[in-house]
Amino acid sequence: MSEAIDRSTVYRLRPGWRLQWEEAQQCHVLLYPEGMVQLNESAGAILTLLDGKRDVAALLAELERRYPQAPVQELAQDVEEFLHDASNQGWIHHG
Amino acid sequence: MPPTRGGSTMAERPVAQGPASPGRPLWLLAELTYRCPLQCSYCSNPLDFAAQHNELSTDEWIDAMRQARAMGAVQLGFSGGEPLVRQDLETLVTEARKLGFYTNLITSALGLNETRIGALREAGLDHIQISLQAGDADVAAAVAGSPKAHAKKLAMARAVKAAGYPMVLNVVLHRHNIDDIDAIIALCDDLGADAVELANCQLYGWAHLNRTGLLPSREQLEAAEATTQRWREALAVRGRDMRLLFVVPDYYAERPKACMGGWGAIFMTVAPDGTVLPCHSARILPMTFPSVREQSLETIWYESFAFNRFRGDAWMPSPCRDCDERHQDFGGCRCQAYLLTGDPTATDPVCALSPDHSLIEATREEAAADRRSAHELTPRNTHESKVFCRA
């Protein structure tokens, strides 16, 4: 599986891409030049929190606060996997 | 140059089987004008564009955008002709952005300058796609009919990147520029493109008129694809994030393209005069299309005869009717079927299973014998268009 993500990494959406809630589709979508990705609930929740200031540690802390019933280990693993995928797909950048 | 598809991710959504339950339009292509300073011989605009004078007003466009957004459309392309010819473009972008559209400007870059780039940025424009005709000025001039356009495009592409936009470069490929694909990609890399569409020209409109003088040979095509693949690998090694999308001409395919993700499935074009179309080529078909000047977009999308005409599979002839792939390619392209066979309900002749497939083979043979240079093709301009207005 993917290597561990440095918890001090600060991710942000790829410049020029936009995240927004679409009432008609009842989901968050990621919009980019001439295209769109429909996001599931957890992907939408994670990307909404990538404000260019929060690092991965702060992101996890915020998600733990919002989803107190989620097992901490599992949550961290899911989030790291998502960030890894999203980064590979070019949806998010860091640095 | 209008886009040829509705975005790959969008096209993957399931499409309704029958006219009873069409999905919502996700893409609105606003063809603001047919006016254009260039004369590209592969333009997909209608041959008789010169007959269209009655462009929608600013208010009519804003109303159409508001209606489309309320229906769920989220991607908006400003295209043409050359959309920068419209002096109200900045106003339209401002309104579109307020409505929540992701706004794409699809332009030749002629009419762009640094002041206008700034004003469009201020208006909230999300993305600028610039077309290039070739890797060098001479071929570009022969294709577009303008000796100065190429240098202007390069300067504006750099300015667009400097202003912080994501930038897609679109290069329409044909036999006169496809052998330069290595230099074309290198140029796009140098300009800082985020993505490059290397799109073999689709043979509609002016491109259909000039088709035997545009279609590349199979050898040219294979070499270009191999070069593109080498570039992808080299870019990956360098960690350079520039996506290369290579679109093959369907005259060399075994199966037709899933045109527009299906008729009236996700895509809606509003033409300069307000005519509403399932794709930007469809007004060539022998049928009447509704207008935003007469009906609401909602009525047009869900209820009009035109938008329901080729939804689902009940309209399909044999061999599509019984084919397992009919929900993958939707019988191919209606415009292509009509242009080649005279029957808009025919199976797209590109399909090897089509009874009319020999028409494609014949065109390929004719193209192989066509020795015309890029200069000798029919340019897309008002003078030539008037011939088709009278016809």
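Cβ coordinates are placed from backbone N, Cα and C, and glycine is handled just like the others.
Look at TrEMBL and you will find B:1-21 (among others) tagged as region 'Disordered'.
Per-residue confidence over the domain 'Radical SAM core' (B:22-238) averages 93 (mean pLDDT, predicted model). The feature domain 'Radical SAM core' is assigned by TrEMBL to B:22-238.
As annotated by TrEMBL, [4Fe-4S] cluster binding site applies to B:Cys36, B:Cys40, B:Cys43. B:Cys36 ([4Fe-4S] cluster binding site) falls outside any helix or strand according to DSSP and counts as coil.
Sequence annotations record features per position, and here TrEMBL assigns region 'Disordered' to B:371-391 (among others). Through the fold, the region 'Disordered' (B:371-391) approaches residues 36, 38-41, 43, 45, 47-51, 139, 142-143, 145, 176, 205-206, 209-210, 213-214 of its own chain, all at least 6 residues removed from its boundaries and within a Cβ separation under 8 Å.
Sequence-distant neighbours of B:Cys36 ([4Fe-4S] cluster binding site) (same chain, 6+ residues apart, CB-CB distance under 8 A): B:Cys43, B:Asn45, B:Gly80, B:Gly81, B:Glu82, B:Val85, B:Ser108, B:Arg380.
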